[in-house]
Structure formats: structure tokens, C-alpha cells
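S.K.: Before anything else, here's the structure in question.
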Amino acid sequence: MAENEPQVQFKLVLVGDGGTGKTTFVKRHLTGEFEKKYVATLGVEVHPLVFHTNRGAIKYNVWDTAGQEKFGGLRDGYYIQAQCAIIMFDVTSRVTYKNVPNWHRDLVRVCENIPIVLCGNKVDIKDRKVKAKSIVFHRKKNLQYYDISAKSNYNFEKPFLWLARKLIGDPNLEFVEMPALAPPEIAMDPTLAAQYEHDLKVASETALPDEDDDL
């Protein structure tokens, strides 16, 4: 096992409101779920997620909070030495998007210039409340954004690929094979996916609103 261990490893912190699907998302990667370790002192699970790229294997040690965010903020020990992050919200819950700036503020207070991906989860659910046109925080803060659906595996690899390109410094980096993922629990409607991709493209070409607040 040891000789196959990827040389390139990154600490990735997964943050966002409770119930947005962070644990569901990280558990999709089967070997990471099988090999996860619980860090009792911080109350976190660390999932080792390996991806095979055209530049060799890389491993994200993904820190998942095990639900403590429901009791307020996370301790600095969770963020310290993080090299990248995913902030997650639930597109069916406006309040989880409204809280994104708080998560971002806590993160950058401890980790100044790390690459961050914002993910809107549960896009498989028809009753979407947070539409593409209202998702602007990432544009103001220079983050990447993806719609995802953890339960259907839709766009699962996208945040990891974007982060890998930033961390390795190679915009042409590609995944040469996909990790084994848990079978989809639901199917993402391809028509809906195409519509959302179109909506995001249109939104990205629209001027940002003028107001100065965080949303």
C-alpha cells in the first residue's frame, strides 16, 4: 500500500451549513469512505480521496465536520494548514446561501490565499430556490462555482479537478480515470442539467449588481 501512496497530498476543508449534503458528497468516493479516519480531538472525519491525473496520483485529505457546525462556528484547528476548500450550500434553501459569506470569512481569516470552490448541492430537486442568476458571491470573491447533486454523482469530480489545476499550477491537468463512486441514488434529469448549465453561462455573462453587501 505504502509504495502506491500519492506523493502529492492536500488538506481540503469542507464547510457550509448543516444539512447541505457535505457528508453525503464526500462519502460518494468509495475508497475515501472505506479508509476515513476519525479525529476525536477535533470531532472531524478525514476522508482520503485519491484522483488519478495525467501528472500522477493526487490525494485530498478531506476534512468533514461531523455536524458540529450546527452548534455555531468551527474551531480554528479545523482550518489551520488547509490548502484548499469547498464551501457548500443547498439550492433548495436560501438561508444556506445567505450564510456562505460567513463561512468564507471564517475560512480566509485562517487561510488567506487558498483556492476555494463554491458548490450548490441538491440541484436534482425540482423545487430549486437559489437560481443561477442570484449566485454571485463567487464572482465577487474570485471563487469557482459548480452546481452539484451528491446523490446522483452529477458534477462530482468538477470541484476536485478545478482545485487540482490550481494547486498543481497546470490548467491542462486532467483526470485519467474516475474514482469508484457509490451508485447514484437518484438520476439527474439531463434536460434539467442542460438548462442549469445554460442558466449559469447566461448568469456569468451578466453584470454584477452594484450593491456593496456580501450577497
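Any Cβ shown, glycine's included, is placed from N, Cα and C.
The GTP binding site feature in Swiss-Prot is assigned to 17-24, 35-41, Gly67, 121-124, 149-151; the stated evidence is similarity to another entry. Residues or ranges marked as domain 'Small GTPase Ran-type' in Swiss-Prot (evidence: sequence analysis): 6-170. The region 'Switch-I' annotation in Swiss-Prot covers 36-44 and rests on sequence analysis. The region 'Switch-II' annotation in Swiss-Prot covers 67-83 and is backed by sequence analysis. Marked as region 'Interaction with RANBP1' by Swiss-Prot: 210-215. What Swiss-Prot lists as site 'Essential for GTP hydrolysis' is Gln68.
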S.K.: Among the binding-site residues Val39, Val123, whose Cβ has the fewest other Cβ atoms within 10 Å?
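M.R.: Ranked by other Cβ atoms within 10 Å, the binding-site residues Val39, Val123 bottom out at Val39.
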S.K.: Out of Asp17, Thr23, which of the binding-site residues has the smallest number of neighbouring Cβ atoms within 10 Å?
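M.R.: Among the binding-site residues Asp17, Thr23, the sparsest Cβ neighbourhood within 10 Å belongs to Thr23.
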S.K.: If you run the three-state DSSP split on Val39 (GTP binding site), which class comes out?
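M.R.: Strand, per DSSP.
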S.K.: Are there any residues in the same chain, six or more apart in sequence, whose C-beta is under 8 angstroms from the C-beta of Thr20 (GTP binding site), and if so which?
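M.R.: Those within reach of Thr20 (GTP binding site), by Cβ under 8 Å and sequence separation of 6 or more, are Met88, Phe89, Asp90, Ser93, Thr96, Asn121, Lys122.
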